[in-house]
Amino acid sequence: MESFASLAGGGSSSTTARLPELISPENPDHISPPPLLYQLLAGPESSARQHGHDGHHHGGGGGEAAAAAVQGQVSPAGAEAAVKAEIMSHPQYSALLAAYLGCKKVGAPPDVLTKLTAVPAAQQLDEADGHPRRRHEPQRDDDPDQLDQFMDAYCSMLTRYREELERPILEAAEFFSRVETQLDSLAESNCEGTGSSEEEQDPSDKQLKHQLLRKYGGSLGDLRQVFSKRTKKGKLPKEARQKLLHWWELHYKWPYPSEMEKMTLAQTTGLDQKQINNWFINQRKRHWKPTPVAGTAFPTMEAAGGGFRHSGHGGGLAAAAALPLYMGRPFVVDGMYRLGS
């Protein structure tokens with residue numbers, strides 16, 4: 001058959017796209033020659049075959065064909081032009097053209113898609129120039145509703161054909177969309193827990209961070225100071241231990257600080273009195289062992305305000321008075337303080 005594009009373009013020969021041949025509605029109960037509309041749209045070969053078939057049944061029909069020509073019957077070429085004119089002037093021609101162009105747009109490249117989109121605009125301009133699409137009364141002896149049935153049938157056929165063409169494309173697009181979603185979820189799960197740099201932060205996040213720092217900066221500083229004072233595994237800060245050791249070296253003969261000295265050490269080291277007391281107790285137990293003279297009782301004192309505990313039979317007060325005489329200067333062994341003569 002001739003392509004429907006020739007109808008869309010007013011019979012232009014530049015369009016080469018073709019659709020399947022037009023098939024008349026199925027009627028298995030009554031077999032008759034196809035109507036003139038379907039014969040003409042099926043192509044000149046079909047029309048010629050039909051006319052030859054009619055001529056064969058009429059006994060060659062040479063004289064009758066001449067008589068028909070004399071009587072003014074329309075030739076096949078003239079009938080085809082008349083059918084095209086009726087189709088293009090039918091009210092549903094725009095819908096038929098849109099359905100056909102919809103089939104051509106499926107999977108078309110961008111340049112072809114642009115050209116196909118411009119076709120309805122050209123048809124509207126044609127109508128604005130004085131060629132409106134209006135219904136012509138049939139000038140033939142065919143059924144008046146035949147053209148309406150033809151337009152409805154082929155609009156529905158082209159719509160179904162376009163849906164069949166779009167189905168694999170839509171399925172492929174849905175498949176790729178699912179794959180993309182899965183890849184995005186995998187990428188997001190791999191990136192969880194990784195911190196972003198200052199340059200990658202959102203401006204709103206930076207502004208919120210600055211506001212929180214201005215509001216809670218003082219409290220954060222206090223918390224940082226408190227956490228810095230906390231010791232790990234009972235170890236005091238290095239600076240505090242150095243200050244305590246300096247006091248220890250200065251008072252190695254009697255390493256028992258008074259309450260006032262403890263308060264002063266607490267202020268200078270940043271420790272509390274409990275930590276200072278514990279440090280001096282451990283330091284005296286580990287590194288302060290005065291050597292007693294043979295035959296002389298030596299008292300020991302467990303705390304600054306504690307009483308004396310005597311060993312031997314000597315006088316405790318006399319031994320306590322002579323206590324500094326048995327203490328020499330300290331010396332270091334393996335980093336630990338020792339007292340000797």
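All positions are counted from 1 along the displayed chain.
The backbone N, Cα and C atoms fix where each Cβ goes, glycine too.
Now, the feature entries from Swiss-Prot:
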- 228-291: DNA-binding region (DNA_BIND)
- 1-17: compositional bias 'Low complexity' (COMPBIAS)
- 187-196: compositional bias 'Polar residues' (COMPBIAS)
- 207-227: domain 'ELK' (DOMAIN)
- 1-72: region 'Disordered' (REGION)
- 121-148: region 'Disordered' (REGION)
- 187-207: region 'Disordered' (REGION)
Using DSSP three-state counts, the residues of the domain 'ELK' (207-227) come to 21 helix, 0 strand, 0 coil
In this predicted model, the domain 'ELK' (207-227) has a mean pLDDT of 81
